[in-house]
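Reading through the structure tokens given below for one structure.
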Amino acid sequence: MNNNKEVPQNSVAVSSSSSAPITVISPQQDANNFIKKRRTALRNRIYAIVRHKQKQHQIFLDKKNQQQQQRVDDATQRALLEKQDQQCIAATRMIEEELLKSSRSFEEYFDLRTFDARVRTILQQLGTMLSQRRAAAAAMNNGEAQCITSTRAVHTSISVSNSFQCGRSLVPINCTTATAGAFSIGPDMQTHHSTGANHQMVEVNRPNMNQITCGISSPLITGFNGNCVPVSANIPMTSQDLFNATHFSTLPQPFLQPPPDQSHMHRYSMSNVASFGQSNPYPCGVVMSSGSMAVAQNSIPWNNPNPMQGLDPTVTSYHSNLQPMQQTPLPKRQLHHPLWNTNFQSAPNNRDNLPQVSQQLSNHGSRQHRGQHSQNLYPGQLQNQDRLLPNLTQQAMALAAPVMHVPSKQVNEDCGQTSSNTVLRWIPFMFHARHCKAKKDKCASKFCFQARKIVKHIDCCKVPNCKYRYCLGTRMWLDHFKQCKSISCRTCVAVREYMEKNKYTIVPLRRAKCSSASSKCQPKKSSKSRQAYKKGGAEAPSVDADLQRSIKRPKLHRPSQNITPETKSISVTGCGVVCKPHSLMNMQEKDGLQSLKVEAMPMDIDVPGASEIPVTRELVKHVAEDTPKGNNCGGFAMVEKTSCLLAQGKSKCMNEMSAPKEENVKQSVEVVDASKMEISSLVELFTPEQVKEHIRSLRQWVGQSKTKAEKNKAMGCSMSVNSCQLCAVEWLVFEPVPIYCSPCGIRIKKNALHYSIAVGESRHYVCAPCYNEAREKLVFLDGTSIPKTRLQKKKNDEQVPEGWVQCDKCEAWQHIICALFNSRRNHGESTKYTCPSCYIQEVEQRERRPLPLSAVPGATSLPVTSLSKHLEERLFKKLKEERQERARLQGKTYEEVPGAESLTVRVVASVDKVLEVKERFLELFREENYPSEFPYKSKAIFLFQKIENVEVCLFGMFVQEFGTDSGPPNERRVYLSYLDSVKYFRPTFRTVSGEALRTFVYHEILIGYLDYCKKRGFTSCYIWACPPLKGDDYILYCHPEIQKTPKTDKLREWYLAMLRKASKEDVVVECTNLYNHFFVQSGECRANVTAARLPYFDGDYWPSAAEDLLRQMNQEDDGETKLHRKGLTKKVISKRALKAVGQLDLSLNASKDRLMMQKLGETICPMKEDFIMVHLQHCCKHCTTLMVSGNRWVCNHCKNFQICDKCYEVEQNRINIERHPINQKEKHALFPVAIKDVPTKIEDKDNNLESEFFHNRQAFLNLCQGNNYQYETLRRAKHSSMMILYHLHNPTAPAFATVCTICQQEVENSQGWHCEVCPGYDVCSACYSKDSINHSHKLTSRSSSTDSTVVQQNGQASQSYQVKLEKLKKLLVHAATCRSTQCQYQGCRKSKMLFRHCIDCTTGDCPICKGLWSLLKLHARNCRDSKCTVPKCSGLRAISRRKQQQADKRRRAAVMEMMRERAAEATRTG
């Protein structure tokens, strides 16, 4: 492609190739490079001398002030230092100009022997020149030189004489007046310069000259030659001359009336020096106004130590033919300066450094310096410039940005030698760019968009000599600023003072850490802070904290060679510089597409009506129209229809400018296979109307109390750029995870002190009372004594903020929860996220279509079992009947009355388990052949409803099914262990019977389950009506505030109402309670009262209580013993107690059984109604056996009397007085009724559904707590349900996020670093990039690590997963018992090798060990062999038992707490 192709004016030269640039340097440029470096060294030496003189003068003034007892405050002192810096820079420039004028040859100018003397001579004349400048400045302020008339361009030539012959030529100095006495430059280097039209540079009769540019406080009228030349109306001035004649103040001054096309200066990039140096982003040194001001292209810029001087984004390219330039807004260019290059320029302020500089120059000699200048402009972007640039232009560019190579170490060690004014603005600006979430062109900073790209690159860059623009320099400065604690470092001290001083005016810097385990709550703003916040200000962030990488989802940049936009190469006549274009489209191109006038203002200006800036544009416009509070609710201005990409044409152009070549292929939506797409957000399945409905719901805050909801709605009405673009709220914190004291089981309250320690895989907590009561400085945790000194003292005040996600298109930020973003699918650059606003735009412009619902598997995609099918069919049938009845009573048709829709019932887990009988209880009944274990099947049943197009989990219950293989007393029994729900069911009206529709649905699910169990052959169901304590959760984590926790009597009545319905449908035969059925002999019951008849369930109340009683009974002393629990005391059951109950033979276990039943009955009796026993089959009134076969003998006179065949035979052999009914003379006859339809053996038609986190409720609750899957609001319930379904469809995916070992922040998928030796040692990219990791082993990138789990596409779990799992468990058992060296069992040899690896592995956390541990846990969960030979099986089962004991202890403690509250309430009412 021809790079010299003519294009219209104001175009930008770009490169069409992504290959490395080829730069050809001419000998003339080599000579100029050598001259540049020597002149740079001389300037530094001049600056050092001037600075030394100024310090001596300042010492004199300080002594004078001390004698006069004058005190100078800090602000005045800082202003004085800044003023001195400006004076030194101005004096250095003047001295160099005088040296140029007085030198007659090249050798004389660079003669170091007489250099110091010449400088001191010139310094003696400095007083007069400064007086002239003060006079000129005073005249300017008085309005004497404020009017600049627009004149046409004139040709000004530079006449020089007195040539010298040294083999090199010096490029002429561009001045507005001819220089006299200067040494000659070759005639071939003389050139004519022309200035363009000067109109629009400064308006005629402008009131104040210093309003042209932000930050001009006092004009400094001086040319490059040092002469004092006042600005007159008939002298054409260029931008270079204007800024050379202008003195910049230290802090920017606000515009009084900023012109719309000249207010592009940025406070962070504002110069403090009165000239343009090599920081000019335009290679030719061209600096122009937004109109058409041009300047000579071969001027020698002043290479000031301040790298950010002269940064003017309103410049445009130079046009050599001087044609009139179009009056269009100028392109926005990226910041460029040597500060961000690999090499820094430093101005030494110590004269001891001058010999080193001189030695470097002398060693340089006449060596060639090829390619030096290209690094100073746009590294890697100049291509074939020998063919593109005229000779004069090349020579001018060669002098445009001289550089002095200084090692990076010197920058860190001697930060005072660099420009403090530059860093004073650059570091705060980097902090702003790191956290700014404003959309493109909406941030007050015009360069924010480019700076954000720099920050994103820096966050992940580890290349020592990175050539990415501004990367290395910024990294060095940030590392130094983070580590520097010296109060003598002027730069760092000034930056911190500047940030503290401007903390209310800097654009808000907000931390956004997702799923952070150690994040703190945002401090409350003061009244001043809140007032500044309303005006668009910000809170002051912690500098050290902000240096931490934010774990909002960062979209990491590819290497520089991969970010070349796909665009045509365009060149500009006259300039000819070929540059790699920005990923950001320049302002000129955008204006051409949109015809939109963009007005940028300095960031420190209070923009009027800032709250009316349309932040989310079209999307929020549509949402706000439907918001009850009015059209302006949410702080958005109702403007014309706009969006993140304002026009379809712009969208197309943006894609062409920013998309890499390999991504610039537009594919049709119709041909994309949804199953192969990486979908990160559920919003991609919505239609635009559904998206708007979702956002409206977010801002209603369903689930919160009325007070909190109104507060959040009010915050949404004052939405700022830092707020989430969906919910309109900025700072949201998760509910803290509840923690419990391991010794006593009591929940540790918020903000309470406690002690913590990690033991094995578990973390234990100890409350302050238990810690203080621990004897011998030891605490017993999990059967292990731990010294108290090892426990860490903590406060239960940890808060975790919600995470953020950034749109890849408009770069707006939203909460992960609001966006329904799946962070588990976030694989960095490969995962694309489109915000709802851009999504609506694309759908409405037909650029994409909503994905099919099958693209993201939901609840309906879960496996259908016979149980779930039975429950769904029954539920839908009952709902239809209820709806028909309601329509009949209301006189409407079936379709006219609302009903519950989109309901899905699924069995999410069905696992075989074994319940081991506790040791002491088993020992008590060993002689009676009591079973040592009870096999059962644990099932988890969940109800989902699609609410606002998201399937939300509303109801869940865990059940235990003991079949015919369990044996008595658990044979054919079902235990409803846990049940939970959240109050989001739709609709919310009541049924015909008066109950809520959600209650009706939940009751029907329970009745349907009992009906299913009865048909399978189960005889009874047991329910413990025990509500959780306030703040605790059973299944679903964090309930909404609008849902009250029911008291025990309310919950019991809820169950009994359900059972009454079931009785009417003949599902339930009889209801009683555990105490009346087993602890007392009522009526004609002839069964023994023994604990051996009690059904033994996992997690039930009485098994653990009985074990505690037996432990007390085994104690030998007669006195009292204090339990190590809260100072409570209980009496020991002694021999005297056994004699008191009539048990004379103390050695018999029956005596202990009888005494234990008595004590246990005393405990249960006050709450006996809570232990509900449901009979699904008829119960024999004599032996209390539930009859399943044969006949039941019924009495026609007595309604509820029936006995089994066995008891009937015994009844016939009794004497007449003992027959039914007892104590009555007239005896009743019994008639047989055949028992039918009860299966002889209980078999489950459904296959097992293994699940690591759904096999019991504690594992599921741990999953929700560890990932903050909360349900206290509908917005969080949607996201939590989405993630739960993700885990169900991806059983092999990691369940918990990886946490950084250093900062305790979440490490994203495929990000960060991992140690292959140390288990659990992971480091995020931010901590890794700080080079402060003291780890002895090599860290491996997690993106390339072999232990990264590959998630199945679209969450579709393999159908053979369960089958493979069963085969692996069988293989594990075989390999553990096999002793043959020639075993032919498939996989046996590999399994043995796997065992040997785990034994020899020193890491214990390698991928192989992790896989084996997962398999061992699955085996131990269901293992029934007490002498199992599988490695670690017994240990894993012991750990599981201890965890279950802790859970049981907490539940019993909660029951006792409720009993005490109930007793206290009864005392108060009585």
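Our numbering is plain: 1 for the first residue shown, then up by one each step along the chain.
Including glycine, each Cβ sits where the backbone N, Cα and C put it.
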Checklist entry - Looking at the ranges 606-658, 871-923, 1295-1347, which is given as zinc finger in Swiss-Prot? => result 1295-1347
Next on the checklist: For the C-alpha pair, I'd like the distance in angstrom between CYS1180 (Zn(2+) 1 binding site) and CYS1195 (Zn(2+) 2 binding site), rounded off.
Outcome noted: 12
Next on the checklist: Nearest of the binding-site residues to CYS1324 (Zn(2+) 3 binding site) by CA-CA distance, picking from CYS1183, CYS1204, HIS1228?
Outcome noted: CYS1183
Checklist entry - Inside 8 A of the center formed by the CB atoms of CYS1195, CYS1198, HIS1220, HIS1228, which other residues of the chain have their CB, for the recorded Zn(2+) 2 site? => result ASN1196, HIS1197, PHE1201, PRO1221, LYS1227, ALA1229, LEU1230
Next on the checklist: Return the count of C-beta atoms lying within 10 angstroms of the C-beta of CYS1327 (Zn(2+) 3 binding site), excluding that atom itself.
Outcome noted: 21
Next on the checklist: With an 8 Å cut-off on Cβ distance to the CYS1180, CYS1183, CYS1204, CYS1207 Cβ center, who else from the chain surrounds the Zn(2+) 1 site?
Outcome noted: LYS1181, HIS1182, THR1184, THR1185, MET1187, ILE1203, ASP1205, LYS1206, TYR1208
Checklist entry - Between CYS1204 (Zn(2+) 1 binding site) and CYS1303 (Zn(2+) 3 binding site), what C-alpha distance do you get in Å? => result 68
Item to check | Sparsest-packed of the listed binding-site residues (ARG998, HIS1220, HIS1228, HIS1335, HIS1337) - C-beta count within 10 angstroms | outcome: HIS1337
Checklist entry - Does anything in the same chain, at least 6 positions from ASP980 (acetyl-CoA binding site), have a Cβ under 8 Å from its Cβ, and if so what? => result PHE955, GLY956, MET957, ASP1033, TYR1034, ILE1035, LEU1036
Checklist outcome for this item: Using a 10 Å radius on the Cβ of THR999 (acetyl-CoA binding site), the other Cβ atoms enclosed count 17
Checklist entry - So of all those binding-site residues, TRP1054, CYS1198, CYS1327, which one's Cα sits nearest to HIS1337 (Zn(2+) 4 binding site)? => result CYS1327
Checklist entry - Could you give the Cα-Cα distance between CYS1198 (Zn(2+) 2 binding site) and CYS1207 (Zn(2+) 1 binding site), in whole Å? => result 17
Checklist entry - Which residues, sitting 6 or more apart from TRP1054 (acetyl-CoA binding site) on the same chain, put a CB under 8 Å from its CB? => result THR999, PRO1046
Checklist entry - How many angstrom lie between the most widely spaced Cα atoms of the acetyl-CoA binders LEU979, ASP980, SER981, ARG998, THR999, TRP1054? => result 14
